[in-house]
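Visitor: Pulled these features from TrEMBL for this protein:
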- 3-101: domain 'Ig-like' (DOMAIN)
- 217-308: domain 'Ig-like' (DOMAIN)
- 313-408: domain 'Ig-like' (DOMAIN)
- 413-500: domain 'Ig-like' (DOMAIN)
- 510-607: domain 'Ig-like' (DOMAIN)
- 612-701: domain 'Ig-like' (DOMAIN)
- 706-791: domain 'Ig-like' (DOMAIN)
- 800-896: domain 'Ig-like' (DOMAIN)
- 905-1000: domain 'Fibronectin type-III' (DOMAIN)
- 1057-1090: region 'Disordered' (REGION)
- 1022-1047: transmembrane segment (TRANSMEM)
Amino acid sequence: MSPGARAQQAFRSEPRNVTVRMGATAVLRCEVLRASGTVQWAKDGLLLGPERSLPGFPRYSMIGNPQRGQYHLQIENAQLEDDTLYECQAGPSESSAAIVSNAAWVTMLIPPSKPYFETDLATPWVAGKKYSVMCVAPDAKPVAEITLYKDGVELTGAESFTMSGSKDKLLNTHAEVTVVALSSDNGRQLACRAKNPALYQPVETRVTMSVYFPPLPPVIVGLEREEVKAGRMLVLQCVSHSGNPLATLHWTKNGDVLSTTWEEDDAAQKSSSILKLKITPADNQAELCCESINLVSLSPLSVSRKITVLFEPEELTLSGSLAAIEGQELSVSCYASSSNPPVDIRWWLGYKELNGTVVAMEEGANGGMTTMSNMTHRVSREEDGLKLTCEAFNKGTHFSKTQISQLSVYYPPQKVWLDAPPQDVPLRSGTTVRLVCFSTGGNPTGTLTWFKNGRAVPDASKQTSFDMGVARELVLVLTASDNVATYRCDSTNKAKKTISAHTKLMVHFTAVSMKITAKQEVLRRGEVLTLDCLSGSSNPKASISWSMGPLRFQGVEQAPRRAQFGGVSVISSLSLNLSSQHHNQKVICQAYSPVLAEGANTFFQLNVLYPPEFSPDQPAEVQVVEDDMATIPLLVSANPEEVSCIWLHRREKLVKEGDLRYHWSDDYSLEIKNVTRKDAGVYTVECANEEGVKQTSIKLDVQYAPSVKAEKDPVLVNLGETADLICVADANPILFGMFSWKWLGEGEVELEEETQEDESGLLTIRDVTRAHAGLYRCTANNGIALPASVDVRLVVQFKPQLQKGPQWRKVGSRGDGTATAEVVCQAEGIPRVDFSWEKNGVRLDFASPRYEERTVREGSFHTSTVRVVNVSAALDYAVFSCTARNSLGEDKLDIQLVSTNHPDPPSSFRQVGVTHDSVTLEWIPGFDGGLRQRFRMRYRWAQSISSLYMDVFPPSATSFTVTGLQPVTTYNFSVNALNAIGESGYADNNAVLTITTKERPEPEEVPSDEDSVSQSASGLPAYLAAVLTAVLGVLLVSNSLGCYFGLRWKKRRGLTAGGREGSVLDGKKNEEEGSSQSTVRNSNKYESREKINTAAQRTLLIDSGSETDSNAYESYAAERSHYYYPTGEYMPPLSPHREETRGLDVTRLPVDSQSHVYEDVRDVGLYRDIPAFLPQQRNDWPTSPQGTERLKHFMDVQQLQRDSDLPFELRGELV
């Protein structure tokens, strides 16, 4: 090695302190002479590494020419963390010791963040107050300097201090200054500027100041003069300038607020309020005031104006009489109500001004003056009708008001005369006579008044006028009082002078009065009555006659006498022998005038006293319906009419207090409310008054609706015997044929023989069957109110009959000691059925805690349930015998408790309905193998390549509609059952149901071209062609996996065939879920649409031996299956699945009635877990090795365990 190579390494240049702004690039120089050791940089004692790129420090690198020993440290995008001490070091080498440079500082310049105010500037200031303003410039290095400005003018006297920033080495600068708020500051800018060496330009924050200050005093605009006329609409504006906020304004009048609305004009900095005031007299001398105020006003500012209102008098009244008799003085007054200024009053009569007036003024309302003017004037006849005018003039408003009335001057009438019949001509009473009075002259015209014998006649007609005067007519219908009467007509007016004219009349009239008097006061039957008739005044004399009803009598007359109205009167007498028929009869007396050919009459009503008498029309019998009101009329007459009647029923006296239902009307009839059948019978009535006593009898017949009761209920009869059902009616009347019988059960039952014996209805049923059992209704109807009914139950007694369908003969359950099974036996029988149980011929001991028996009875059905706890294959897989017995016999059923297995085939598979494109089928489910079973439909037609399959939905349904069929096509249908273990054979020993669909109904419209091509070239439906295409695609893509699936399938089939020697258990799941298996319950009651054994999640593989070739194996598919039951009649679209066949290049799967390819796939969850295998997703088959492994994972079948690996009781051996 040369001496030069061994020389000591040294620094040619060493790093120096550097100051850099944040984000800039800093370079620390380091140049080493004869560098032989490793050169690297140390940051604050931490070595950064020898590589020039400095890994781990993306912003750091060593730059320069390494051949010249340049190892300059470059720091890009400098940050605060780079502010520290740096050293350049050259490590030792064989030829040189290590060297370390001088330490150099990198000093970072960090600009401050945007400054901000800590003072609350959102709340407005108040002018005149002092406020402390603080601004903060955060996170600066070195410390930032803060300057505060107001509207561009620097604020002096600010004090600053620093505090730690958000990071180490960063500082916050706080600057505080005291500001006195001025009104001129409102809206000005307050700025905070911060700067330090890291900034080229200061950073600034601005806020707008908001300062509250009071407004200027308001002014009123629009009131040029203080005098305002009433009625004017005065519009005033109050304006208040300046102020922040702008002033609120309100108007007052005499201290009362008029308006509190105002408008603000921010641009003009003013508030204004418009006052619209309709001036009235009441506003005279009113003071209007406008006040302004804002939030900072010490007190409201106001301006006031007083107004003087000029107004006219509201009223001008003319008082005093405006009528006078000629030559008299007229005195009237004119009054003007309050006005401002007071009015001047002038008088006018026609066109002539009157000066004789006296005026007086007084203070009036609203600060005005009232004026009163009194005027006197002597009137003459020529001034009649002239207008008298009072005029009031207001000098302030230049307005005048007048009041005008007409003057009347009175003077008396001049002449009066009459138009009347001659005084010596007789007039007939009742004749209409017209008397007319005429008057001329006078002012006003005369008022005419008629008088009769000096008394005013009130009913004279209305006075009428004519050219020269007035007339008034008196229309008289002549009466006796008009004979020789004097009629006078007076004419007068307001001149208080009267003139008259008069006349007399002669009148013929009939008797003015008639009166009959009796000589005895009390009249009794059998006595003689004498009556006197007095005829009043008549002109000329009248003739007297008597009558009573159709009878006429001649009385005895006395000599006539002079009477009133210038006429004469006459008296006549009559005698009568009295009887009860005379009571209330009228005896008439008539006075007849031959001259007038008319007369007058009066009557005397006879009041003849006699004892009670019953009318010949009195009814002997009264009928009434029960609950109605019964009225028993009593047609009795008597005088006096105060008759007391006593009613007797069944020799007992009826009184109202004894029964509130009794009521006696005013005519003594008896009313019985809510009459009952007990009220029927004969009623005796005894009536009496002061004159005597009499009695009679009346029968009351109460009719009522039937009430029915059964003579015997229920009616018990043995099967095959005769049943007699009897109902008895209580009714009135009892009618023939009033009974009818009705069967109330379902279906129709012939009612053989219906008879009636008086009040009893009889229904006879011979050779009774069980179909006759049930309710029968007996109805009775006699036409009164509603029919009555009673229900009679016929109970047909028969020996027990057990339910013995296939679903009743087996019960499936695991035998591992964790499950619970229920063996159900149901019998129908009457009377009560009792049950007894045997197991393998030995009576079952229910004292054992493993066996419980419970019996439920509902009507004729009796159900006995034996609950087997902790089912053991060794102990409980047996035949349980149920015996049901009653007094008529017994029945027996053997029920086999077996291992869970695949279901038995359904039975009674039949057609329910058929249309052109659908078929509805139903069946009876078989034994479900102890697990939840579902059903699958298989069908095909002559042209189909293979059968189609469709799962029944809901799974538990026992009827199903296959849709999408072709019209007029023959189909073969089959159905089988499936559960988690396997599937059954097809119903009815693999029977096929052949059904032909109907013709398609006439189409409503022509199908489109697109519909016409929906069929494939082979004639198959479009959806079948699509399915075939999808299946072929799947088969082609899965060719590489065919062998694998075939081998696995064969292996599984082989294990299944050896099911008698082995079983499958998933040990892990058995351990995890074993604790919950004891809650599983199984029952042999499998009725249609009933969810069976819902708690069962797993089943044990056991060859029960209950069926030939039945292999059961445990499956966990049931745990992962979910059924969604729709609400209502929802039927989801179910796509049929073709029966699978594989091509020649894949494994062939044998197809038989017990096994199909999709079953194996389903059991391992292929349909659920691998959606890529669905035909419509055939292009998504996995092609990569990972995809193949995933497919194997999903298709893998659990390996069967050896039978010997299971406990003995779980090996599936039937004991």
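Each Cβ is built from the backbone N, Cα and C atoms, and glycine gets one as well.
Note that the coordinates shown come from a computational prediction; the quantities given were computed from them, not determined experimentally.
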Visitor: Which stretch, 217-308, 510-607, 800-896, tops the Cβ pairs under 8 Å count with the domain 'Fibronectin type-III' (905-1000)?
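Guide: Of the candidates 217-308, 510-607, 800-896, 800-896 scores highest.
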Visitor: Could you please provide the mean pLDDT value for the domain 'Ig-like' (800-896)?
Guide: 91
Visitor: Could you tell me how many residues in the domain 'Ig-like' (612-701) are helical, how many are strand and how many are coil under DSSP?
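Guide: Once the DSSP states are binned, the domain 'Ig-like' (612-701) shows 3 helix, 48 strand, 39 coil.
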Visitor: What does DSSP give as the helix, strand and coil breakdown of the domain 'Ig-like' (800-896)?
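Guide: Each residue of the domain 'Ig-like' (800-896) counted once, the result is 7 helix, 59 strand, 31 coil.
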Visitor: When DSSP states are grouped into helix, strand and coil, how many residues of the domain 'Ig-like' (217-308) land in each?
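Guide: Summed over the domain 'Ig-like' (217-308), the classes give 3 helix, 54 strand, 35 coil.
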